[in-house]
Amino acid sequence: MSALRLASLLLLALTASAEHHMSRPRLAQRQSGNNNRPILISNWCTETIYPAILTQGGTGPSTTGYAAQPNTNLTVYVSSDWQGRVWGRTNCTFSSSGGGGSSCTTGDCGGLQACKGPGVPPATLAEFTLAGSQSQDFYDISLVDGYNLGLAIVLLPNGNSALQALDPSTTNPSCVASLNGFAASSSSYNPYANNQQFLGTSSSSPLPFESKQTASTLSSWCPWDLQTSPPLAPGDGVYPYPDGSISRPAFDPCISACSKYGDASYCCTGKYNGPNSCSPSYYSKAAKGVCPDAYSYAYDDQTSTFITPTGGGFQVVFCPGGRSTDIIASKGSGAIKHG
Ligand SMILES: *[C@@H]1O[C@H](CO)[C@@H](O)[C@H](O)[C@H]1NC(C)=O
Ligand SMILES: *[C@@H]1O[C@H](CO)[C@@H](O)[C@H](O)[C@H]1NC(C)=O
């Protein structure tokens, strides 16, 4: 276990884990100054959200947090050796004095609009390690700290012929674990009607979507104790009231068991620090059920990390709607390792 991880466990939910979840080589901090890789951030949510960008290696953009109105895009540029993450903050009100305390219900970074560090869990993360080992790019959607908003990652070939040749239905994962924009009927769901494209794919090679979730299972997937704002019981408002039949709010952020409790078995630390000694927790199993292509705990690499030849850009879509993808289970883990 790294000292960083240990420190973050001790601080628990007071501060977010600065640990990068993917167990893969870390890049040394270095300056390159040549930011040529686009990260297009798209807000498809019906409300304003506050995207945040944290650089953990290489050179990131000067924009580290901003207000994104619904249906808007912003492109930032990062270096070809960038390592970092993008997440969305919700329900923010920033004071004019700036900073101190918390300004957002989820994903807050010290009350600042322009983040200088990681966000407070829960927040769905888009994680990137560009030009990691063997000139490959690694990326994933992580629910390791928790879930707040639906999120998809679309590979942008960026003029690179090796990437243009890839089948986008194997490179563009999506995680939809809240009802906002969820397509409840898996049998009739077709995002490609009228020749539309969806998350960089078309009907000629459609994304494989998860088919088991219903509106009811999706609205109650978060283990009761891990909801950050569980509904009050009717009547006297006894809190918390562990009754799964009470209807939950449409916006129901879910903190991971590791982030909430810090137990070694949940966080894969101490004697559980290894792929063979750590098992998915009740939270990880629930998260994997709603978002099969997302990272759900520290040793989930084989079923959540996408690997492509280096050179591309990426689109991060908040609230993609539709349904979660099920790329890895339906196409085989080989489908996510390209080159
Ligand atoms: C955002 O970018 C996407 C991808 O380039 C594009 O299809 C869409 O039209 C853009 N939306 C707006 C509002 O500019
Ligand atoms: C908080 O933000 C979420 C996501 O944008 C939204 O659905 C919800 O209505 C907001 N809650 C409040 C109390 O504003």
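Easy rule for this one: first residue shown is 1, then count along the chain.
Note that Cβ sites are derived from N, Cα and C of the backbone, with glycine treated the same way.
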I want to verify the bond table. Which candidate from Cys268, Cys278, Cys291 sits on the other end of the disulfide that TrEMBL records for Cys175?
Cys291
In sequence order, which same-chain residues at least six apart have a C-beta under 8 angstroms from Cys222 (disulfide bond)?
Tyr147, Arg248, Asp252, Cys254, Ala286
Which has the fewest other Cβ atoms within 10 Å: Cys92, Cys115, Cys267, Cys278, the disulfide-bonded residues listed?
Cys92
Taking Cα atoms as reference points, which of the disulfide-bonded residues Cys92, Cys175, Cys268, Cys278, Cys291 is nearest to Cys109 (disulfide bond)?
Cys92
Please tell me which one of the disulfide-bonded residues listed here (Cys175, Cys267, Cys291, Cys319) sits closest to Cys115 (disulfide bond), measuring Cα to Cα?
Cys319
